[in-house]
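**Q** Features from TrEMBL:
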type: BINDING; residues: D24, D26, D245; note: Mg(2+) binding site
type: ACT_SITE; residues: D24; note: active site, nucleophile
type: ACT_SITE; residues: D26; note: active site, proton donor
type: BINDING; residues: K220; note: substrate binding site
Amino acid sequence: MPAHLTTRPEYSLLIDRYDTWMFDCDGVLWHGDRLIEGAVEVLEILRKRGKRILFVTNNASKSRKSYKTKFDVLGVQASVEEIYGSAYASAVYISSVMKLPKDKKVYVIGMAGIEEELREEGVSFIGGTDPADCTLEPFSLSSFSLDPDVQAVLCGLDLSVNYTKLSKAFQYLTRNPGCQFLVTNEDSTFPSADGLLPGAGAISAPLRYALEKDPISIGKPAKTMLDCIQAKVNFDPERTIMIGDRLNTDILFGQAGGLATLLVLTGITSKQDITGPNASPIVPDYVTQSIGDLRVVDGQ
């Protein structure tokens, strides 16, 4: 059973025990454009105590640079180097793990954030926000020209997803030899300011069904994301804690990397999910209602 934290001594001991703090963002620090009460104060407490802070998000709609703008607008201190998103991890995976040749391309179902990170890594791509692909006109194979240089399809959250994008991705994955099927993450939903919405996993689901094939997932809970962080940051897993609102991504990600895990109940996961008769087999080390609860260590 997880330890349910409620008292000042419990929160003080938690803070003393871990040097590196990895935070999910949506559902932990904010909902949409609304901060969770106390989140900024807790981050300030951790920084004052010399803790390393990293932000690990499956949000692939924004690049790290544009995500930094959101932190600034909400008044949350963060540097670009502290932010690790699934769009960035996907770009690093394609350039450094797949080692995609410079003359090859990626077909993107996704938004500008993915494109920016691919560009930063020197990866060529088509699709994405191209107006020719962002259309509601019927798709016709007779007018489609297959680009033989496409060697991967990368699918993330796409608020302009349509039949044309899905059809083109399907063609590349079935007709281009060796074309890799990649997804930034497999989140079924994500928490907006006004409630849950379909996530990146729901965007790639039609392709999985049509192909009868599972993709390679880059974001949480896949270890690929942690490998990306470890390549840039030196930390001791035994002195590191992952804070998240979702069992099958954040908590599973922490556990797979040998990290301690803290579940907050301000996002996807409810108390019933961890204590009810149908409780998940994924059990975090610690549970608290909100990240703001940690303010108590400074008497707030």
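Numbers here mean position along the shown chain, with the first residue as 1.
Just so it is clear, glycine is given a Cβ too, placed from its N, Cα and C backbone atoms.
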**Q** Please work out the number of neighbouring Cβ atoms within 10 Å of the Cβ of D245 (Mg(2+) binding site), leaving out its own Cβ.
**A** 26
**Q** Given the recorded Mg(2+) site (D24, D26, D245), which additional residues of the same chain have their Cβ within 8 Å of the Cβ centre, ordered by sequence?
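**A** Result: C25, G27, V28, L29, T57, P191, G244, R246, D250, V264, G267, I268.
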**Q** Just the number: how many Å between the Cα atoms of D245 (Mg(2+) binding site) and the residue listed as 'substrate binding site'?
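**A** For D245 (Mg(2+) binding site) versus the residue listed as 'substrate binding site', the Cα atoms are 12 Å apart.
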**Q** Whole-number Å distance between the CA of D24 (Mg(2+) binding site) and the CA of the residue listed as 'substrate binding site'?
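**A** Here the two Cα atoms lie 10 Å apart.
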**Q** Counting only residues 6+ away in sequence within the same chain, which have a CB under 8 Å from the CB of K220 (substrate binding site)?
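**A** Looking at Cβ-Cβ distances below 8 Å from K220 (substrate binding site), excluding near sequence neighbours, one finds D24, V56, N58, S86, N185, G244, T249, D250, L252, F253.
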**Q** For D26 (Mg(2+) binding site), what residues in its own chain, 6 or more apart in sequence, show a Cβ-Cβ distance under 8 Å?
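**A** For D26 (Mg(2+) binding site), the qualifying residues are G32, T57, N59, F190, P191, D245, G267.
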**Q** Hey, what's the Cβ neighbour count for D24 (Mg(2+) binding site) at 10 Å?
**A** 27
